[in-house]
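What follows is one structure encoded as structure tokens, with my remarks underneath.
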Amino acid sequence: MTSSRKVRPTKHIFVTGGVVSSLGKGLTAASLGQLLIARGLSVTMQKLDPYLNVDPGTMNPFEHGEVFVTEDGAETDLDLGHYERFLDRNLGLNANVTTGKVYSTVIAKERRGEYLGKTVQVIPHITDEIKARILSMGEPDAHGNAPDVVISEVGGTVGDIESQPFLEAARQVRHEIGRENCFFIHCSLVPYLATSGELKTKPTQHSVAELRGIGILPDALVLRCDREVPQGLKDKIAMMCDVDYEGVVSCPDSSSIYNIPDVLYREHLDTFIIRRLGLPFRDVDWSTWHDLLERVNNPRHELTVGIVGKYIDLPDAYLSVVEAVRAAGYANWTRTNIKWITSDDCETPSGAMKALSGLDAIVVPGGFGIRGIEGKIGAITFAREHKIPLLGLCLGLQCTVIEAARQAGLEQASSTEFDPAATQPVIATMEEQKAAVSGEADLGGTMRLGAYPATLEEGSLVAELYGTTEVSERHRHRYEVNNAYRAQIAEGSDLVFSGTSPDGHLVEFVEYPKEVHPYLVATQAHPEYKSRPTHAHPLFYGLVKTALELRVHP
């Protein structure tokens, strides 16, 4: 059956950045996507990353931040999390393109002889591969529907050597599909000098000059600053950078990232783009988003949620966890203040008491390696004994099981990840992961990745939270609960194994009954990846809701 939608060319919007990194290109792109969706357009997004890694899966969290996992099991840049949350749609493997992926594909083609003996070069072979991946995002889906708009964020900063092939590919895309079907947005810093009390435009002028030097004239500029950029300076930048006055947009720092679409709307960026690209549109329907902003900016309650992690020196390592906690807060009209707690501080009862006292709820997120594990277990013990609501994620479930096993008399309970010679390995390496763990197979892209189904026990707390006994969550792990110890742990502690894989083999959820603890739930999955600011994830929602109830009825 063919689609009834009118056939029109997909429009491509490229978002670049200049002057400095971490300007918020991803948030700008995601906010624009949300704004265009509110205009009735279908939008998809893509991140072009210039690093040589095939994906960020093997990168240090301190170096890269969070690895965001998609439904189809791709390990991707954290910006894809922003895209999914703002667009409220799932993205896949093709939404993250890295230099490593591109070169791997091109070299594999060369080895197969697909270039017919030609000298393989950055131009045209690398740029052609990048172009193909960009244009593929605009192809029709299984139902014959193509997106109206593809927004591609080019990682890095204009002027970086690594970014040049991607920028050249974007330039060629504009040439091939027509200027009327392509739009370039450049994000730039407008610094404020306190000594002179002035905003400086020169960095932006030089950044645009650098971009023009490689053949790209931006259609719009998003000016990042710690304050509003006055109209006079915007007009000056428009003149000096040869950009339409309407295309120069001020985007000052905001108290919440979810205010950014409204900022861009008030600057009329969407109107300018729609007119330039000849897109159909309707009046903005922001009923859902404005309800979110009301909850973000006018909360009725306030809670403090502790995140007990190993990588807290770089909060971006837990970006989706933080946003999932905040989304649960919004759903409960609550401002959730995040307190970062290094797991090492919770190794002793006195350390846990000092670090965790006064918290309304605790999240124990994922991680790898032995450092800080006893602290995570100590935090779980403290939460269990003091009836503090706690949610464990991935490694958080494994630590919850180890803590329960020690209650059940398995005093040496541990994981083969931390101690390959453990005498009571209540957490063990998954059979299909043993080659990777032993070094006989690649580490990259070989974990249990992506969405997997689970069956929940009828009448369990997790089944009540989800409202069903059949669920699907995203995963990223190599280790699992050792089934040889399940019965002993269940008999010797109050822990309930409340959800498993459909075949009953893999433990996916554990919990304590409500009469034992108000809310101590853990999952082998990463539910934070499926949370949306407008649709809080059930497990995070339950955590915040229980914490609020305990505030009222301790």
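The backbone N, Cα and C atoms fix where each Cβ goes, and this holds for glycine too.
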Quick check: of Gly358, Gly367, Gly450, Gly504, which does Swiss-Prot put in the same L-glutamine site as Leu395, Gly396, Leu397, Gln398, Glu417, Arg478?
Gly367
Name the residue, out of Asp72, Asp77, Asp79, that Swiss-Prot lists for the same ATP site as Ser22, Leu23, Gly24, Lys25, Gly26, Leu27, please.
Asp79
All-chain count of other Cβ atoms within 10 Å of Gln205 (UTP binding site):
15
Cβ atoms near Ile161 (CTP binding site) (within 10 Å, other residues, all chains):
8
Hey, does DSSP put Lys236 (CTP binding site) in a helix, a strand, or just coil?
helix
Reported as an integer number of Å, what is the Cα distance between Thr204 (CTP binding site) and Glu153 (Mg(2+) binding site)?
18
Spatial neighbours, same chain, of Thr201 (UTP binding site) - Cβ under 8 Å, 6+ residues apart:
Val190, Leu233, Lys236, Ile237, Met240
Candidate binding-site residues Ser21, Ile161, Lys202, Pro203, Gln205, pick with smallest Cα gap to Asp79 (Mg(2+) binding site):
Ser21
